[in-house]
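What follows is a set of notes on a single structure, which appears directly below.
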């Protein structure tokens, strides 16, 4: 960044903002880069400002019982704020004085007053000087106030961030990220813009008093008629404002519904295409858009009347002020002109400045109070510790996540009693408040000596993470004692990476020790990974470490914890993302050897780790189930240990599976003194596990990648969803967010008893900060969010490091920091995260305007209609002027002219009544025309917005995946939320305002030019100067605005990153470093914003200077060239003053239109995306010349009838090559094989080898070359939709959209209820659907959060059965399933798809056994394609993956199927829980 010229600028340069000239020149000539921006003055740096405010706030906290943030702000900024307020007032006073001089000038032309004629020229000079003084006072004052507003915002931003880092975990659970971002963005932006208006709260009343005094002198009591009308008008506008808010609130709900479905569609676009649901989704979204647009139109009409009321009020104010006086006493022209000028200023003060100022104060004080409350929230306290202590001790420790739960618990119980809940009802329910009453840990005791390893195991949600939080001081014990030495290092369960290099992430502010660093890297197996990067350990990781795989992130997090020299190491499930082999090696080399003499507490679920630990603590529902050594465990709890030991290769399971089994086992053995309990009782019992939910609610412990939150299980009455629903003041969303749950708990919930919680389920929930820290991100819940699975930017990772999940969720993989807003509040969030879809020019092109205008044929007619009405108004005025000029002199025909719509006012001394009748008649006609000029325009522009939305939606749905893969989900969603909101709300009225203002100016210039042709000569250069100046300024200002938006994103991204790693930050004491980083991000944004404000002021001042010159010219031309007659001079000068303020407004309005039209440019960019249907897939020859031949798709006769093709499901694949994006690396190369009808083929390969990619290629979702035939029909001889309908798909990431069960199973409404129920029976879904009220009409929300992962898989299965597909593609259907659901899916597959071709990508051995052929993919190619016997005989991947004992088990299958074309699948014995095993290769 360059040094700012401001530092060396002279006073004159600062006054006229000339110091910004170099940047304006540069921006006009070339594209601005960040390096071109000037550094901020030291007075504006976040460090200085935050220190100043923090000091005053601390003083306030220390000195008072009720500290007020406004007092601290006052002490920091009051005097400068007052100084600029006085300048502003003096500038405004000049406005009030100008009409006096105008009156004197007009009076000097009265034939009876020749004595004053000689001083007219001096009065003219005085009038011009007032304009110059006003310009020199107002602009520095407004800029100064904007500057103070900016400084206040920066100081408060910093204070909020510092406070966030100190908040206790209890408080963090009550605040959602959405609220925090809203606190920073929404509330604080009010200061930037609003502070300039704040002073009008006292300036406007003073101005009104002064003006009323001056008008009283002219018109006596009748002056108050005009004022009365203005006050009534202001109240009328307030009423309209309230009505508008009502419509907007109603509309917000509709927008929400549309955006929820749109976001679900965008996030699951791959599934939408695979299912051929494009038309169904389009129809669904368009229907929601229709109802939304009805309310949009109502709100727009109200806003239109509100806006036009201001324009049309000018005539009435003058009319009502003058009429009573004229009727009683008659009137002279000088008074009328002076009154008109006074009334223009008066109207501005009463209807605009004062209401805006009141609104600003209301908003600002509200924001300050919110921030004040936030700054007084409870902070976390580090535990008191003793450095001489060597052991770690916990004595009788009990802890709650909530405080004050007792009272709430009582209230909930009382409420339940009132509802007369029967005790013997099997469907027990608990409210979220009963959860509050459950301690997360109770009576925990243990003691470990220095150098010992304590392994903590337990059921899902038993309190394992909470135990570590207690030791770190994040959770305060309500009773009991904790002792340790205080030097702690911590590794979080969810690996957290800060922006920076790998080295910085590991050292993390601790002093650098080369030997220690190398040892740690070796022990954590990072050497090989680091060597792959060209920059080695200096490679920079973006937000969230996006260039890394989950395993690499986990190892870096562990390395960070190990590198710090501490007495106690807390390791919270550090091996979650690692494969079995790596985990074993790291456990040995790192935990057992490198840290052998350190005290370690390891949360784990592996038997091997328990065996090696010095002590074991097993937790269940917050209590200690067992504490002691492994041998004691075998002696004291023989049932439990033998149960776990009885699993073959328990440690080989994925961590999710292990936890599922562990939870179930603990449940069974912990009931009623370990007495044997029947399965049905276990089912019942599972509803009582409030402890599990209580802990789960907070920590989402052992959450899988796609974890979701469940509601409390409740009785069938929807009202009882929350125990104390009606009486609680706490908002509903707060309580609903409390219970996160993960897929792994599924095995525990009885399959049939997911009770529905009624319509209230549809209330939006939001995610607390604490949930986000523990990664519990809801599926499909948030609008501004990506899937958690894809936290890595895949395009940057070497191909070998891609995980299956990466590849499958490729299109969402490039998001940054958007998984954050759980309440859909796009107003708060849309501005916070900049999406870099900004490859559009800095200024909107004419082509965009032309396309926009011609989009709807009526729009051109409406614009012509506006012009015709305008010409009628000007013509009427000119006719009246012509009549006036030809009136005999003795009648003293005089005329006045009202500001806005060219109404001519004729009043004579002799026939006041008669003339007023004519005047009112003409004015009313023009008024009616004027009113209806705008309505058709606003109506038509909203229709244009509707067309744009429809075209864009269609384009996105029809775009090829290769195009969508290059876009961010957040970027696409911003088009549908932010840009469509601009097209609906802001653009129509801004265009109307601009056209209105432009016509007023043209009309005024026309009238003045008719009266005094010389003045026309002065207006031509003025308008030319204004057009050139605007073009010059726009180039730079739009680029600065763009840079400012880009600069805003890092602030919020940093906030989110800090919150995710807050526990790590605090454990390592790195808060000061992160505050510095935050201040850097703030300063970068400030530099852009300050420069934007300065250039804007430069522009406004130049415009004002041009008008001052114009006014001087007009004044002297009219004074020197006009002969007798007050009328002409009066009209000319009044209009010239008018032209000045209106044209400035018009210029600003034109800049607004240009900014808003950028949204239209972005929407057009999406509309112009290529479509999928036209993409040939044959071989490269077909489209070498880049031209797409429509002739290529020839309707194939076999496909004419849906029931004929495909009949058998035979597939032939020839030379298939697949890429994600055009010109990218080939993920699969020259794949060739064939599949017989009805055959089952298993895909094998390492993670990231391209198994899921192959399935996507079959569906033509990728850029493919080569050929595939199904039953002899080639894929480029039929349409894309027909091809995809041949396949049934069960993807890894299940897509459930917001809608009824029926809609989810059959979005095109092709099947009757009877057929749907029949299929539901086949796949085992009937019992699930029947649990819900409304059955098939029950509405699923939030990605089907009330369904388990298994139920969702069954939904996919049902869709495939309904589609009558002959080929079924399964992508890891059992990834997160418990044994029970898995059996249901296996059974359904055997029955419903007995004669279908099945292609299976799976990690479980027993699922693979049912396949006749196996395709082994390695290094993007087919390595082997053989039967299971051949694979077991050779040295293949499959053989390596299976242990010797398993091979012995499998032999019977091998031998029996040797000579059969197809084994008897039905004869395979059902697997028991113990036989489930993973084959992650």
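Quick reminder: no glycine exception, Cβ is built from N, Cα and C everywhere.
In Swiss-Prot, residue 321 does not share a side of the membrane with residue 1084; the two are on opposite sides. Here the candidates are 597, 909, 1148, and Swiss-Prot annotates 909 as N-linked glycosylation site. Checked against Swiss-Prot, the residues 894, 1455 yield a single entry marked N-linked glycosylation site: 894. The local packing around residue 549 (phosphoserine), expressed as other Cβ atoms within 10 Å of its Cβ over all shown chains, amounts to 24. There are 22 other Cβ atoms within 10 Å of the Cβ belonging to residue 1220 (ATP 2 binding site).
Cα of residue 1252 (ATP 2 binding site) to Cα of residue 549 (phosphoserine): a span of 17 Å.
If you take every residue in the topological domain 'Cytoplasmic' (244-298) and average the pLDDT, you get 89. Note: the CA-CA distance between residue 1220 (ATP 2 binding site) and residue 549 (phosphoserine) rounds to 19 Å. A sphere of 10 angstroms centred on the C-beta of residue 1250 (ATP 2 binding site) encloses 27 other C-beta atoms.
Between the C-alpha atoms of residue 549 (phosphoserine) and residue 1250 (ATP 2 binding site), the distance comes to 16 Å.
If one looks beyond the topological domain 'Extracellular' (217-222) by at least 6 residues along the same chain, the residues whose Cβ comes under 8 Å of a Cβ in the stretch are 103, 321-325, 328, 335, 338-339, 342.
Look at the topological domain 'Cytoplasmic' (244-298): DSSP puts its residues at 51 helix, 0 strand, 4 coil. Sequence-distant contacts of the topological domain 'Extracellular' (99-122) (same chain, six or more residues past either end, CB-CB distance under 8 Å): 130, 214, 218, 332-335, 337-338, 341-342, 345, 1116, 1119-1120, 1122, 1124-1126, 1129-1130, 1133-1134, 1137.
Other Cβ atoms within 10 Å of the Cβ of residue 1252 (ATP 2 binding site) number 26 in total over all chains. The DSSP secondary structure for residue 1252 (ATP 2 binding site) is helix.
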